[in-house]
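Report on the following structure.
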Amino acid sequence: MASPAGKLGDRLRAFSTNRWLVFVAAMWLQSMAGIGYLFGTISPVLKAALGYNQRQVAALGVAKDLGDCVGFLAGTLSAVLPSWAMLLIGAAQNFVGYGWLWLIVTRQAPALPLWMMCVVIFVGTNGETYFNTTALVTCIQNFPKSRGPTVGIMKGFAGLSTAILTQLYAVLHTPDHATLVFMVAVGPSLVAIGLMFIIRPVGGHRQVRPSDKNSFLFIYTICLLLASYLVGVMLVQDFMQVSEDVVTFLTVILLILLILPIAIPVTLTLSSNKQHAIEESLLSEPSKGETSTSQEKEDQPEVILSEVEEEKPKDIDSLPPSERRKRIAELQNKLVQAAARGGVRIRRQPHRGENFTLMQALVKADFWLIWLSLLLGSGSGLTVIDNLGQMSQAVGFKDAHIFVSLISIWNFLGRIGGGYFSEIIVREHTYPRHIALAAAQILMAAGHFLFAMAWPGTMYIATFLVGLGYGAHWAIVPAAVSELFGVKHFGAMYNFLTVANPTGSLVFSGLIASNLYDYEAEKQAQHHQITALSSPRLLHSISFLADGPLKCEGAVCFLVSSLIMSAFCVVGAGLSLMVVHRTKRVYTHLYRSIRT
């Protein structure tokens, strides 16, 4: 019989190697990893401290987007470096980039030329790619049979990080907005270093256990509670004057909700002796055979020659699966015999639903339709996220934190909801999931229109619609690409897709929104100068303000740019509907077997 000390040691070892402990630690890491979305709050601080105009702020925003999305190096290094080394690199980049930015903003370091400021922002934000890559790769390795829920929850917590960091900033009770930049430099880096030896692939049983369903359900419940709680907290703090003690109390509850998922690995460890034996008996014996069989199918996929698709009768897709396979096999045999006689040349090109390389996908119209639709939708959404500080201040809101936090929460719900509802569409109705993306882009078009009109109260509704639609893009598009072009080279294709984000931001923010903002700001400044000619006192004030950054006030500042983005979101929805029309037969083929 083992001693109490021996039992405790066994429990601690089991707890340290529990895959759910790694999952929860990765959630905590991701809750600090979405630092790029805080740019909407940081940008007014940079603009005021450095005297930038909107074009220069937009250039910093594009550099931030590039750092956030260009993860080729992190993806390559993840194949050769351990998890702790990846997190250490990410923490170092985050601390150096945003730490240097904080020194500049607080005038403890000299200001740099704009291009060097862009490099600093890029380096700091690029650390996020190491956090994301490590969390996703590690959790997918530990939960290979639950990739959908795993990726959705990880990406969702990254979307919540802005609201979490903003609430932690509120508890400091400091009027110095530069403190937020310091938090961004130190917070994620400390969390990554503290968790770098916990977040790692662990050995042991990686099959789906019966307890996994309840564990994921518990995590989803925590996610929704967090989102609802943060919305309530932000609205209360925006509309009511709350004391410092109340803010501290609200933040403590937030931290409790974040810590609560640790109950899963603790409970599983304490009940391991009894529960594991029961669960092993519930795992059917053929599961190993099924696993090996499915692996063989992945390694040796069904080959359908290009000519089969061209020569087969149109009514063959309406046949039952067994009859359809038989007819296709007969047609394929005839084509092979014809090729042996030299009567036909067989091309072994993949079709949609099979594994493509990136180069093969790049010559497909569907891939470019998806990419352009993503550029128009997510690019316009990212423009709002990056400029939300100026947009809210232009229409009279002094504190932009509330909207930056809210759009972070709506972004999270969009990712969770987009993945959930699009999965229902493909599995229960065998219809392309891009129909859900088209609906999300129509919601975004409505949101941009409300931003343009700037009616009383519409700032909250527009933030909700744009945040929800933007988040849905990053749940729907990666899943659709993996279905249409395969999972074998999905990493390369996903990294190419993410380039659409900074490209869209460059077009909408760097070329359109910032130029129109500065144009209106210059018009207003000229109007004030003309008005001030009649008053020497006003003239002195105007000459003083002319030394600072141009500032635009009123709905006119983002009127035209918001209407342009609204129109392009409608175009993006049209492109998504084209993808739906072109891929209906593919989804019918992919998901018919699930329904039958």
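Note that Cβ sites are derived from N, Cα and C of the backbone, with glycine treated the same way.
If you look up TrEMBL, you'll see 19-266 marked as domain 'Nodulin-like'.
If you look up TrEMBL, you'll see 361-524 marked as domain 'NFD4 C-terminal'.
What TrEMBL lists as region 'Disordered' is 282-320.
With a cut-off of 8 Å between Cβ atoms, the residues of this chain six or more beyond the transmembrane segment (20-46) that come close are 52, 57, 60-61, 64-65, 67-68, 87, 94, 98, 101, 105, 124-125, 128, 131-132, 134-135, 138-139, 142-143, 150, 153-155, 157-162, 164-166, 177-178, 180-181, 184, 187-188, 191-192, 195, 198-202, 215, 219, 258, 261-262, 264-265, 268, 385-390, 393, 400-401, 403-404, 407-408, 411. Among the features that TrEMBL reports, transmembrane segment is placed at 20-46 (among others).
Annotation comment: TrEMBL describes 152-172 (among others) as transmembrane segment. Same-chain residues lying 6 or more positions outside the transmembrane segment (152-172) and placing a CB less than 8 Å from one of its CB atoms are 26-27, 30-35, 37-38, 41, 132, 135-136, 139, 179-180, 183-184, 187, 216, 219-220, 223, 226-227, 230, 233-234, 237, 247-248, 250-251, 254, 258, 401, 404-409, 411-412, 414-416, 419-420, 471, 474-475.
The feature transmembrane segment is assigned by TrEMBL to 178-203 (among others).
Under the heading transmembrane segment, TrEMBL lists 215-235 (among others).
The annotation transmembrane segment is assigned in TrEMBL to 247-268 (among others).
According to TrEMBL, the feature transmembrane segment maps to 367-385 (among others).
For 400-422 (among others), the entry in TrEMBL reads transmembrane segment.
Same-chain residues lying 6 or more positions outside the transmembrane segment (434-455) and placing a CB less than 8 Å from one of its CB atoms are 370, 373, 376-377, 380-381, 384, 391, 395, 414, 418, 421-422, 425, 461-466, 468-470, 472-473, 476-477, 480, 555, 558-560, 562-563, 565-567, 569-570, 572-574, 576-577, 579-580, 583. Among the features that TrEMBL reports, transmembrane segment is placed at 434-455 (among others).
Within the chain, the transmembrane segment (461-481) has long-range Cβ neighbours (under 8 A, six or more residues past its boundaries) at 148, 151-152, 155, 159, 367, 370, 374, 377-378, 380-382, 384-385, 388, 403, 406-419, 422-423, 432-434, 436-437, 440-441, 443-444, 446-448, 450-451, 490, 493-494, 497, 569, 579. Under the heading transmembrane segment, TrEMBL lists 461-481 (among others).
Residues 54-55, 58-59, 61-62, 65-66, 68-72, 75, 356, 358, 361-362, 367, 370-372, 374-380, 382-383, 386-387, 477-478, 481, 485, 558, 561, 564-565, 568 of the same chain sit 6 or more residues outside the transmembrane segment (493-513) yet have a Cβ under 8 Å from a Cβ within it. As annotated by TrEMBL, transmembrane segment applies to 493-513 (among others).
Here TrEMBL flags 558-580 (among others) as transmembrane segment.
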Stretch contact, the transmembrane segment (215-235) with the transmembrane segment (558-580), Cβ-Cβ under 8 Å, 3+ pairs: no
Chain residues outside the transmembrane segment (367-385) and at least six past its termini with a C-beta under 8 angstroms from it: 37, 39-40, 65, 361, 391, 404, 407, 411, 434, 437, 440-441, 444, 447-448, 451, 463, 466-467, 469-470, 473-474, 477, 480-481, 484-485, 493, 496-497, 500-505, 507-509, 513, 561, 565, 568-569, 571-573, 575-576, 578-579, 582
Average model confidence [pLDDT] within the domain 'NFD4 C-terminal' (361-524): 86
